[in-house]
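Reading through the structure tokens given below for one structure.
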Amino acid sequence: MEASGKLICRQRQVLFSFLLLGLSLAGAAEPRSYSVVEETEGSSFVTNLAKDLGLEQREFSRRGVRVVSRGNKLHLQLNQETADLLLNEKLDREDLCGHTEPCVLRFQVLLESPFEFFQAELQVIDINDHSPVFLDKQMLVKVSESSPPGTAFPLKNAEDLDIGQNNIENYIISPNSYFRVLTRKRSDGRKYPELVLDKALDREEEAELRLTLTALDGGSPPRSGTAQVYIEVVDVNDNAPEFEQPFYRVQISEDSPISFLVVKVSATDVDTGVNGEISYSLFQASDEISKTFKVDFLTGEIRLKKQLDFEKFQSYEVNIEARDAGGFSGKCTVLIQVIDVNDHAPEVTMSAFTSPIPENAPETVVALFSVSDLDSGENGKISCSIQEDLPFLLKSSVGNFYTLLTETPLDRESRAEYNVTITVTDLGTPRLTTHLNMTVLVSDVNDNAPAFTQTSYTLFVRENNSPALHIGSVSATDRDSGTNAQVTYSLLPPQDPHLPLASLVSINTDNGHLFALRSLDYEALQAFEFRVGASDRGSPALSSEALVRVLVLDANDNSPFVLYPLQNGSAPCTELVPRAAEPGYLVTKVVAVDGDSGQNAWLSYQLLKATEPGLFGVWAHNGEVRTARLLSERDAAKQRLVVLVKDNGEPPCSATATLHVLLVDGFSQPYLPLPEAAPAQGQADSLTVYLVVALASVSSLFLFSVLLFVAVLLCRRSRAASVGRCSVPEGPFPGHLVDVRGTGSLSQNYQYEVCLAGGSGTNEFQLLKPVLPNIQGHSFGPEMEQNSNFRNGFGFSLQLK
């Protein structure tokens, strides 16, 4: 399932998309060029493909842009979120291209929906990261004393892995009176030093010279390498060795074995004796030539030292030096051309592959791939084919790209999968063949919902956890295949609207891993539960859910807190103990609490310090401080005790409480030191008096205003009472009003009009309405509304209206 998930790109691509692909490929003949300096760190920015392709970010993500290149080595990576093309690793131009210039890495940019691709190339720019190196740190040059000024002596060159300006620029030699050095350039562009005699030598005056040869490259700053040149002045040897021909051209097959004889060169010297003895050697050979060829110093035979590879080097230019015993030498050049053989099988690079494909989608693009062969000529020409009994069609695209399409609609009920073999054959002799097998699956409809392995999950998390902690996982499986079986997980809205689920946990949508987003506190939240949903990616999508319970485990993260005696830094509280107290007398009790639970909240007490050790004791489980023995006159009157309160957690947390005990002979006039905070209390009492006076003044003004308003309202009522139908009874009532004093939670006095209905024959008062309007914020209450008829103390029935 994971393998198919990596290969899934798109499920549908119609023939119209393929036609668009062909058109776009035909118009992309000119590759897009980018450049990067070698040794640039991996993940460095190269370009933004969305801008280069003229795509918006949303369209760029939708079209599934990818970068591919020949072979398995991919030097670039594409950030799908930002469309940035980044280096996949640090590039070394010398490892990638050697002395080839420019160093170009070719790749392709593929787009889908519709299919498009663009050729592109990345040029790796050389930096001066290599110094010139002489393969021979010491050179011996024998110069005849008869050599005239101006005679030149070629020296062995230095090697520099850099190219262009960073390669060797010139040579210099240490100051001397006889020689100078010139920088010469060979046909292949390499530079070598040539020692030129400026002044005739005299062996009798100076038999040898020691000079330092320095090679400088053209970098900034330049790098250099040195070698020692030993010049031996010899007697006259007037003939140098001469080769039979100055230039040799040979051809050799790339599959020639090691020690194979490439060619034999020959030189002669007309001198006699030691001056006529000739030895052969490679001259100014590069590191690659020295590793590939060797020359017999006596016979001049050039043989192979390692296997040739036409794909790396098509030819070699080898310089051979013949030197006699007198120090004179002759040179010749051997051009060795490598003949290609069919030693590389074709390679297939898969760029896009879609499986499974829906059974009801004809002419769907199944795969896009490219073929290549490292050989040349007929050995590099390729043919591509598939089996004939399959409902697929293989079409050639631009360059060496091929597209595999469904030729007819597929029927899953008749066949659920197809094994397709792509056969790639070159035209060499003998022919080499490569096979690529693919399994194309036909997808089914989505008819199975994901099923959790459990209907409910219980997870345990210890409080004070680190954020993003993995607390557990849920898992669901789907019996479908392909995308219909790909399950994504999500958190469903909690049933408790007050539960901040989004800030408590998160879920990995791909694997169902649950993470705590923040540190949990057992004292604030002991447990919570939520539902998790699992949905497949079918169309339409099917889903299921499971219940997850999270139980927070308590940790010992709260130290005991002493409630009594107070330890807030104020004046200490002094406990009085009579000197006549018996052993076991209860002095006081240390009261402490712990915010944790369980054994983390089990508190124990012990006496940590005391003015008189052994005089007092503390009960370990309840914190009671009692006398341990009889008090004596020698015991100090003031005692200071420090009690340690410790919980039972691991590791335990603790707090201390300080007690002040005063031993007195009696309680009639105990000596109590005045608190140090007494002056501050006096200031607080003075402030309280001012506040009370101000509040009383404001209340008096408000009450006076209310009474004035009531008086005006009563005057208006007295005029209107003369035309009413109610008679005014005689009695202790002031005027025609009755004061009904509230006895409940209301503190105001309410006045009602009391009317006795004439001729009714009943002793009923009707309280029509209150004279004063309702004061906002008070109500008469539902009790009075439900029972409006009641009896008063005078035997009348009162009726509220």
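Glycine too: its Cβ is placed from the backbone N, Cα and C atoms.
Here Swiss-Prot flags 1-29 as signal peptide, drawing on similarity to another entry.
Annotation source Swiss-Prot lists topological domain 'Extracellular' at 30-691, citing similarity to another entry.
According to Swiss-Prot, the feature domain 'Cadherin 1' maps to 36-134.
The domain 'Cadherin 3' feature in Swiss-Prot is assigned to 248-348; the stated evidence is sequence analysis.
Annotation comment: Swiss-Prot describes Asn419 (among others) as N-linked glycosylation site. There are 10 other CB atoms within 10 A of the CB of Asn419 (N-linked glycosylation site), with all protein chains counted. In the three-state DSSP scheme, Asn419 (N-linked glycosylation site) falls into the strand class.
Sequence-distant contacts of Asn437 (N-linked glycosylation site), defined as residues of its own chain at least six apart whose C-beta falls under 8 angstroms from its C-beta, comprise Asn419, Val420, Thr421, Ile422. According to Swiss-Prot, the feature N-linked glycosylation site maps to Asn437 (among others), an assignment based on sequence analysis.
Asn568 (N-linked glycosylation site) has a Cβ environment of 6 other Cβ atoms inside 10 Å. DSSP assigns Asn568 (N-linked glycosylation site) to coil in the three-state reduction, placing it in neither a helix nor a strand. The N-linked glycosylation site annotation in Swiss-Prot covers Asn568 (among others), and the record cites sequence analysis as its basis.
The transmembrane segment annotation in Swiss-Prot covers 692-710.
For the topological domain 'Cytoplasmic' (711-801), the mean pLDDT of the prediction comes to 41. The topological domain 'Cytoplasmic' annotation in Swiss-Prot covers 711-801 and is backed by similarity to another entry.
With DSSP states grouped into helix (H, G, I), strand (E, B) and coil, the domain 'Cadherin 3' (248-348) comes out at 10 helix, 47 strand, 44 coil.
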